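Undergrad: After the structure tokens below, expect a handful of questions from me.
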Amino acid sequence: MYPAHLLVLLAVCVSLLGAASIPPQPLNLVQFSYLIQCANHGSRATWHYTDYGCYCGSGGSGTPVDELDRCCQTHDNCYAEAEKKGCYPKMSAYDYYCGENGPYCRNIKKECQRFVCDCDVEAAKCFARAPYNDANWNIDTKKRCQ
């Protein structure tokens, strides 16, 4: 093996060792799912919200089909506002607490983390208040969301 190859291999190993000491950061979407479970007291699994109506899940267009779908539209709009502020809402980790009255943001000083946490807490509480209509899960968005 050439000396240059050994240097490259050594550099890779050292950088991997350094990366191993950095604790993994939770993705915001995982935290959001915990907030949803906290707000609805575990009455409905988080995956029920991933393909609901026109706005719950990835993307969104058209007129929301009901109150729950409006919660998702509002959450999408909140994330869009966060992005305008230079935040990365799907990657922002924050500190929250699950209390008797549902989730709330806790001791957050950074503006982006606070903004995103507020988006997620409000959406989770909205989900818990809104009725869930099984007929609006996994709908044909090409027909119903124009």
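Any Cβ shown, glycine's included, is placed from N, Cα and C.
What Swiss-Prot lists as signal peptide is 1-19. What Swiss-Prot records for CYS38-CYS98, CYS54-CYS145, CYS56-CYS72, CYS71-CYS126, CYS78-CYS119, CYS87-CYS112, CYS105-CYS117 is disulfide bond, and it gives similarity to another entry as the kind of evidence. What Swiss-Prot lists as Ca(2+) binding site is TYR55, GLY57, GLY59, ASP76, and the listing cites similarity to another entry. Marked as active site by Swiss-Prot on the basis of similarity to another entry: HIS75, ASP120.
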Undergrad: If we check Cα distances from CYS145 (disulfide bond), which of the recorded positions TYR55, GLY57, HIS75, ASP120 wins as closest?
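TA: Of the recorded positions TYR55, GLY57, HIS75, ASP120, TYR55 has its Cα closest to that of CYS145 (disulfide bond).
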Undergrad: Counting Cβ neighbours within 10 Å across all chains shown, tell me which of the recorded positions ASP76, ASP120 comes out on top.
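TA: Result for the most crowded candidate: ASP120.
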Undergrad: In sequence order, which same-chain residues at least six apart have a C-beta under 8 angstroms from CYS71 (disulfide bond)?
TA: CYS56, ALA123, CYS126, PHE127, ALA130
Undergrad: Other residues with Cβ within 8 Å of the Cβ centroid of TYR55, GLY57, GLY59, ASP76 at the Ca(2+) site?
TA: CYS54, CYS56, SER58, GLY60, CYS72, GLN73
Undergrad: If I restrict to non-local contacts, at least six residues apart, and a C-beta distance under 8 angstroms, what lies near CYS87 (disulfide bond) in its own chain?
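TA: When sequence neighbours closer than 6 are ignored, CYS87 (disulfide bond) has GLU111, CYS112, PHE115, VAL116 within Cβ distance under 8 Å.
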Undergrad: When the Cα-Cα distance from HIS75 (active site) is computed for each of the disulfide-bonded residues CYS54, CYS105, CYS119, which gives the smallest value?
TA: CYS119
Undergrad: Which residues of the same chain, at least 6 positions away in sequence, have a Cβ lying under 8 Å from the Cβ of CYS78 (disulfide bond)?
TA: PRO89, ASP118, CYS119, GLU122, ALA123
Undergrad: Tell me the Cα distance separating CYS105 (disulfide bond) from CYS98 (disulfide bond), rounded to the nearest angstrom.
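TA: Here the two Cα atoms are 9 Å apart.
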Undergrad: Can you count the other CB atoms that lie within 10 A of the CB of TYR55 (Ca(2+) binding site)?
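TA: TYR55 (Ca(2+) binding site) is surrounded by 25 other Cβ atoms within 10 Å.
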Undergrad: Between CYS72 (disulfide bond) and GLY59 (Ca(2+) binding site), what is the CA-CA distance rounded to a whole number of Å?
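TA: Approximately 10 Å lies between the Cα of CYS72 (disulfide bond) and that of GLY59 (Ca(2+) binding site).
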